[in-house]
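Report on the following structure.
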Amino acid sequence: MTPILEFRDLSKVFFKGEQRVHALAHVTAEVEEGELLAIVGPSGCGKSTLLNLSAGLMEPGTGEVLYRGQPLTRVNTQVSYVTQKDNLLPWRIVEDNVALPLELGAHAKLSKDDRRERIARYIELVGLTGFEKHYPSELSGGMRKRAQLARSLVYEPDVLLMDEPFGALDAQLKLVLQAELLRMWEGTGKTLVFVTHDLAEAITIADRVIVMSSRPGRIRAIEHIDLPRPRDVFGIRFVPGFGDYFERLWSALREDIHQGQEV
Amino acid sequence: MAETVASQAGVESRPPIDEVFLVDPSVRARRRQTVIVAVARIALAVAGLLAWELASDRLISSFWISSPSAIWSALLRFTADGQLVPAVWVTLLETAAGFAAGGAAGILVGLAFGISPIIARILDPYLVALNSIPRVALIPLFILWFGIGFETKVLFAATLVFFPVFLNTFAGARDVDRDLIDVIRVMGASRLDVIRRVFVPSALVWVFAGLRMSIPFALIGAVIAEMFTSNEGLGYLIAVTANQYDTAGSFASLLVTTVLGLVLTWGVSQAERRTLRWRSNNA
Ligand SMILES: Nc1ncnc2c1ncn2[C@@H]1O[C@H](COP(=O)(O)OP(=O)(O)O)[C@@H](O)[C@H]1O
Ligand SMILES: [Mg+2]
């Protein structure tokens, strides 16, 4: 089966003023349809860049990104993207933010009733019922993430890209949202690419973890996580296999974190 | 203790106000400050008017400074002889039309600049040049082209309104969050969608700031043009009373013009608050 997303020898350079930043170097990887892939790496190693490339928002320097076997030449509207920054439209209430994708492109064909039903269903799925009429500025950080998630799911894309979605949340809330994300994802057959700098989070939720090196980002290790599903995010770190995965991946990650500190 | 619980259970519709909201020192300090500010403002106004009234003809001849009571009777006189209402009406119409025309042009050009950097680069020097023209110098030309009627005044008001609105809209369109644009493009947005759903609403905060700022300019434009063309409106009233050495009448027309400006600014602020409700709601 062709992988749903494929990175072929990707490299990317940015200009920051006069300085060149080598963000990615020879990244080759595949994302299988239906898997939950976590990408872990020190900050600044090009994780967001990789997602931006997958969404077709920028062009690779060298190499190519394939979606269902076809090279990406423009914005990839088959995926949905929860970016690192909060990006709900601040002038729209929750309900209208969630409705946004259904006003655009091919999704706009949905009938009014279907649309209303879907919006309500996904708002309920992420646990925001009762907050439909609130503006983003009236929500907590966790609730804004939930709203973003509802907005990304409402048009039922095949692939969901998430960039450090729970990075800014406190430890307890993070676990709660991980659990909810798994509950929503398990059994849907959708593909989820989840970027994080938290190794434990990656092992907790993913089928497969990719560890990236510090800048320029390369792939340092790939590991299948064969822990049973459905997973209990609160208890999984005490499951026997968890520690082994953690140690192996941590040793791959560690070298770079020390390097990063010297720079 | 038990009593409080019982009485709270009785009024379920209204959440009980915790006592601390009434007695906390910060609450009382805040309230005291509000009272002080209000009283001081009124006192200042009364004292100023009183001093003016007393100084008039005692310290300075009323020929120069008139007096509050004389201004008040001038105001009554203008109302009674039917000069005031038509003058206010004409000026209001010119101001509104100039504001609408200049504002619309400013918003359109500002958005175009924000959306297309190439347009911005091409037109930038011309706009800088236009903005440096001393605007009053245009009035004789406008009179030459359009006569001394409505159009000249509206056009002049519009030239004053255009730049602040344009500059603010441009700043707003440049300020648009690139991430919002990226995210909505991935959702399948066309270029038009991006403009309609991200650029315009996002720039609106700045647009309103520009509009609010330029209401006085619209009024100034209308009044100045009226003083030049000398046929109707509050500007004409101001000019004609001054020419007749009617100081009280001049002050009275100025007063009315000021009130008109305040009312218009208040109107735009209300529209702004309504449209930008998501901002004032910050919890
Ligand atoms: N659009 C851009 N323009 C310039 N530099 C960028 C841009 N995007 C990312 N970079 C740089 O590329 C490097 C990798 O960034 P990023 O992909 O955001 O890393 P990560 O998400 O892993 O923290 C960083 O040094 C960042 O400053
Ligand atoms: Mg990032």
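Placed from the backbone N, Cα and C atoms, the Cβ positions cover glycine too.
All TrEMBL annotations are machine predictions without curation.
Annotation source TrEMBL lists domain 'ABC transmembrane type-1' at B:88-268.
Same-chain residues lying 6+ beyond the ends of the transmembrane segment (B:34-52) with a Cβ under 8 Å from its Cβ atoms: 65, 67-68. If you look up TrEMBL, you'll see B:34-52 (among others) marked as transmembrane segment.
The transmembrane segment annotation in TrEMBL covers B:96-119 (among others).
Tertiary neighbourhood of the transmembrane segment (B:126-148): same-chain residues 109, 155-156, 159-160, 163, 166, 221, 224-225, 228-231, selected by CB-CB distance under 8 Å and a gap of 6+ residues from either end. The feature transmembrane segment is assigned by TrEMBL to B:126-148 (among others).
What TrEMBL lists as transmembrane segment is B:154-171 (among others).
Here the transmembrane segment (B:203-228) has Cβ contacts under 8 Å with residues 90-91, 94-96, 98-99, 102-103, 106-107, 110-111, 114, 135-136, 139-140, 142-143, 152-154, 156-161, 164-169, 171-173, 175-176, 234-236, 238-239, 257, 260-261, 264-265, 268-269, 271-272, 275-276, 279 of the same chain, all six or more residues outside its ends. The feature transmembrane segment is assigned by TrEMBL to B:203-228 (among others).
The transmembrane segment annotation in TrEMBL covers B:248-269 (among others).
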*Residues of the same chain, at least six outside the transmembrane segment (B:96-119), with any C-beta under 8 angstroms of its C-beta?*
127, 150, 153-170, 172-174, 176, 195, 199-200, 203, 207, 210-211, 214-215, 218, 221-222, 264
*Sort out the residues at least 6 away from either end of the transmembrane segment (B:154-171), same chain, that have Cβ-Cβ distances under 8 Å to it, and list them.*
94-95, 97-99, 101-103, 105-107, 109-111, 113-114, 120, 127, 131, 135, 138-139, 142, 146, 203, 206-207, 209-211, 213-214, 217-222, 224-225
